[in-house]
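See below for the structure under consideration.
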Amino acid sequence: MRITIFGSGYVGLVTGACLADVGHDVICVDVDVDKVARLNAGEVPIYEPGLESLIGKNQAAGRLRFTTDSAEGVDFGLLQFIAVGTPSDEDGSADLTHVLKVAETIGNNMNDYRIIVDKSTVPVGTASKVGRAVAASLEKRGRSMAFDVCSNPEFLKEGAALEDFSRGSRIVVGTDSERVKKAMMECYGPYNRQRDKMLFMGIRSAELTKYAANAMLATKISFINEVANLAERLGADVEEVRHGIGSDPRIGYSFIYPGCGYGGSCFPKDVKALAHTAEEAGHPAEMIKAVERVNSRQKGKLFEKLCQAFDGQLADKTIALWGLAFKPNTDDMREAPSRTLMEALWKAGARVQAFDPEAASECHRIYGERDDLVLADNRDEALEGAHALVICTEWKAFRTIDFDQLYKTLLEPVVIDGRNLFSPETVKAAGLSYYAIGRGDSVRPVLA
Ligand code: UDX
């Protein structure tokens, strides 16, 4: 099957490489000349385990190509995937400029029936807008031609995207056309052998499914973080509570890990966009707004705990920070809690010595050279001359620590653990003060 994918970002590249790998012929179109040149030279601009070799393998086999020529792209595939970015506007709504630009391009260049597949995360109603944009471009050319628009949201996690693409729990397709159903079955057939994962539904339902899924997951996180904050006040341990509730299969263990807040490119943006859509639809979604508020507050927790540990005296302190990425196995720092913490520390006059196994260059790209930021080459270097250690990301490499050694290294015996990686008893046995998230003994309970 011939497939065209507009947008060689994270979603476009993963989709292109995976579909080529099961034998489809794929062309990826991007407007960024430099990016396309790099991709054609075998250089993959993002970090995702396994992606570079998958792209290389399929390029070599002649099944995957990159181009800036959109006319060639429109001409090529029956399926025209739109996988371009939908950044947040200032009011939180998703910015559809790039999506509608691609729709216009398709309308300007198509000479035969095409199926336009919305892959980007877009608000409910976007497929209709895409359809209108394609029709308007055709009309300008004085042409009339059949086409369909369907919604096919992605559920890829960074760091596990290839696995999610090939072994995901479901393939959602929003369409009302039999022709589209048939084509999408053919496209995803190789991933649909073990059991039928195709979920066909109305276009608007598919669009809403993506937002509802991410908002539900974000809700679970904000909920447990709220319970963690309560646990601190009440002298309970949220880790015990987490086990206590997760064992009920109706609740389950997944996505109820308390921490320093969710980040990344999806949850923050999608929760805001859904709140905005709800507002526009005349139904202010109170829960969704609260999920977002709880998360912003949670991202400030690590700084709050440092203030508590140092009685608010953070000026001229050096803080070792382990973990910059918003989660392990990625170099992505978008909306990462580490950023909220660093920015607050700098404001308070403290210095940061940070180590992350992958995100150092991303951090340098964001913040540049500054006197109050050292990007260390390893975790020990980040500790040199530091008054306290803060852990922001649960990289595997941070899970074992010689606490006796750490006690000797730190200028003040303070460990702030934003991911609840350790047992408080073990850390305290080494003489360190341990502040985690929602563990009863990390702060003095308010209620006796
Ligand atoms: C998410 C969704 O999982 C994915 O299905 C969707 O397509 C895109 O958004 P991703 O942003 O890659 O994927 O990250 P994910 O692994 O889901 O983690 C998101 C954030 O939640 C991270 O900051 C993580 O640390 C945090 N998190 C996750 C928690 O704080 N607690 C948890 O229990 C789980």
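In case you wondered, yes, glycine gets a Cβ from its N, Cα and C as well.
Note that the coordinates shown come from a computational prediction; the quantities given were computed from them, not determined experimentally.
The annotation in TrEMBL ties ASP30, LYS35, THR121, GLU158, LYS269, ARG334 to NAD(+), and of the candidates under consideration, THR86, THR209, THR219, the one tied to the same site is THR86. The substrate site recorded in TrEMBL comprises PHE155, LEU156, LYS157, GLU158, PHE255, ILE256, TYR257, PRO258, GLY259, GLY263, LYS327 together with one of LYS101, LYS197, LYS210, namely LYS210. LYS157 (substrate binding site) has a Cβ environment of 14 other Cβ atoms inside 10 Å. For the binding-site residues PHE155, LYS157, ILE256, PRO258, a Cα to Cα distance of within 10 angstroms from LYS269 (NAD(+) binding site) holds for none. Candidate binding-site residues: PHE155, GLU158, LYS210. Those with a Cβ under 6 Å from ligand 1, in sequence order, are PHE155, GLU158. Counting every protein chain shown, 27 other Cβ atoms lie within 10 Å of the Cβ of PRO258 (substrate binding site). Ranked by CA distance from LYS157 (substrate binding site), the recorded positions ASP30, THR86, THR121, CYS266, ARG334 have CYS266 at the top as the closest. Per-residue confidence over the domain 'UDP-glucose/GDP-mannose dehydrogenase C-terminal' (320-424) averages 97 (mean pLDDT, predicted model).
Cβ neighbours within 10 Å of CYS266 (active site, nucleophile), excluding its own Cβ and spanning all shown chains: 22.
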